[in-house]
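Quick notes on the structure that follows.
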Amino acid sequence: MSSMASVLFAALAISGVQVTPSRGYGCFPQYSQFWGQYSPYFSLEGRSAISSAVPPGCKITFAQSLQRHGARFPTADKSATYSSLIKRIQEDATEFKDEFAFLKDYKYNLGADDLTPFGESQLYDSGINFFQRYHGLTKDSKVFVRSAGSERVVASAHKFVEGFNKAKGSEKGGATKLDLIISEEDRRKNPIAPQGCDAFDNDETADKITDQFRSTFTQPIVDRVNKKLPGANIKIGDIKSLMAMCPFDTVARTPDASKLSPFCHLFSHEEFRHYDYLETLGKFYGHGPGNSFGPAPGIGYVNELIARLTSSPVKDNTTVDHELDDNPKTFPLGLPLYADFSHDNSMTVIFTAMGLFNATKPLSPTKITDPADASGYSASWTVPFGARAYFEKMVCDHSPSAKQEYVRVLLNDRVFPLQDCHTDFLGRCKLDDFINGLTYARSNGNWDQCEVSPPK
């Protein structure tokens, strides 16, 4: 944890505010929880109908986490877009009125692609939280850690292991070697960062839906901004970029993201609700259940989860690399703890293949559907920076049989209501029932329809 973050932590603790790594980012919630996938992870414990605590009389015997990398700078192409937009505004605007005054002398110095220091601290804290929750499984075993090959994902996995080991007391810090890094080269079989489904890649539904929703709220913002920046000639497409600068500038300003970017004050809370929903629509119709091939790339990971839950070989004909998964050194079975690290889009297709969003009805392209009315679906609730999903297996004293095993899924500390198995009042399904419900993945879904000719 950075020195600045440590000072903030101590100050909050002295003031009586509970601060733990599991709470996530709590600053500026009226803004930061409405940044779509660019929201920093915040705990959904308070929005869960079921406590995320281990049920009384139960013991966790297995846990697998799937986590997104921490907060980062914009991707290279978007960083170039944002920089160019700000330069154009500074060259063309004849006045910078009111809250836009800072733009006159603002210097764009955001990097590209890599984690910010705040993003690193997110994953360090995540490692601490993972140890605190599952420390009972660490006595005789280590956590097996895999990462997708992007630098920011690998760096996130390293910070997680660093935090985990620090909490365990086994290391004094420093990057720790990962067990496996899987390349993200084009068409490479990689279940934690899947690709290779042409029909999925060629689907244009998300673009059409997001364009439709953007048209419902953006024009009044354009008119207001152009009054504040006469001569800048701001277009509809520029508004999303200006709004995105709010989260990206905030997570880069300080090591603990404790200073809100002045870009945030350019827009109202209601406008950020629309921004959040715009990003949510992009995920739902681009990588989720709104894309008929949305689940297909996630099949391989679900089949890996089945293998780990049952300590049996992986059965998959989609994105799994069997040279890795048939090798006990690179895909060991029978361990109690696993941690995988990936991207937001990859996690969305995996959750979709698992059927987690089966209760979510198609999202409206014309008006906001609140996450509570979408069975908990939104980009900020499911795949924020540093998102974490836990797949737990447990045994309980009150079970009819001492050998009865249960499965429960937590997504950002919310006990996720499983759809394709019989869920009890604690959010659990019997292991066999859970696996039987994963029929889409076990049958390889519609992967055989992925290979299509590119559109002419």
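Yeah, the Cβs are placed from backbone N, Cα and C, and that goes for glycine too.
Annotation source Swiss-Prot lists signal peptide at 1-24.
For GLN37, TYR38, ARG68, HIS69, ARG72, THR75, ARG152, LYS283, HIS343, ASP344, the entry in Swiss-Prot reads 1D-myo-inositol hexakisphosphate binding site. On its own chain, ARG72 (1D-myo-inositol hexakisphosphate binding site) has ASP113, ASP114, LEU115, THR116, GLY119, ARG152, VAL251, PHE385 as residues at least 6 apart in sequence with a Cβ closer than 8 Å to its own Cβ. Reduced to three states, the DSSP call for ARG72 (1D-myo-inositol hexakisphosphate binding site) is strand.
Taken from Swiss-Prot, the feature disulfide bond applies to CYS58-CYS396 (among others). Spatially close to CYS396 (disulfide bond) yet at least six residues away along the chain are PRO55, GLY57, CYS58, LYS59, GLN404, TYR406, judged by Cβ distances under 8 angstroms.
The Cβ of HIS69 (active site, nucleophile) has LEU115, GLY119, LEU123, SER150, ARG152, VAL153, ALA155, SER156, PHE341, SER342, HIS343, PHE385, GLY386 as same-chain neighbours under 8 Å, each 6 or more residues away in sequence. The active site, nucleophile annotation in Swiss-Prot covers HIS69 and rests on similarity to another entry.
Summarising the annotation, Swiss-Prot assigns disulfide bond to CYS197-CYS450 (among others). CYS197 (disulfide bond) falls within neither a helix nor a strand when secondary structure is assigned with DSSP, and so counts as coil. Contacts of CYS197 (disulfide bond) defined by a Cβ separation under 8 A and a same-chain sequence distance of 6+ are given as PHE293, ALA296, PRO297, TRP447, CYS450, in order along the sequence.
Counting Cβ atoms from all protein chains shown, CYS246 (disulfide bond) has 25 others lying within 10 Å of its own Cβ. Marked as disulfide bond by Swiss-Prot on the basis of similarity to another entry: CYS246-CYS264 (among others).
Spatially close to ASN317 (N-linked glycosylation site) yet at least six residues away along the chain are ASN444, TRP447, judged by Cβ distances under 8 angstroms. Per Swiss-Prot, the feature N-linked glycosylation site maps to ASN317 (among others).
In this structure, ASN358 (N-linked glycosylation site) belongs to neither helix nor strand by DSSP; it is coil. For ASN358 (N-linked glycosylation site), the same-chain residues that are 6 or more apart in sequence and have a Cβ closer than 8 Å to its Cβ are PRO289, GLN419, ASP420. Residues or ranges marked as N-linked glycosylation site in Swiss-Prot (evidence: sequence analysis): ASN358 (among others).
Annotated disulfide bond per Swiss-Prot: CYS421-CYS429 (among others), in sequence order. DSSP assigns CYS421 (disulfide bond) to coil, not to a helix or a strand.
Rounded to the nearest whole angstrom, the C-alpha distance between CYS421 (disulfide bond) and ARG68 (1D-myo-inositol hexakisphosphate binding site) is 26. For the binding-site residues ARG152, HIS343, the largest tally of other C-beta atoms within 10 A is found at ARG152.
In this structure the alpha carbons, written CA, of ARG68 (1D-myo-inositol hexakisphosphate binding site) and CYS264 (disulfide bond) are 24 Å apart. In the three-state DSSP reading, CYS246 (disulfide bond) counts as helix.
Sequence-distant neighbours of CYS264 (disulfide bond) (same chain, 6+ residues apart, CB-CB distance under 8 A): PHE28, TYR31, CYS246, THR250. Annotation note: HIS343 (1D-myo-inositol hexakisphosphate binding site) sits in a coil segment as assigned by DSSP.
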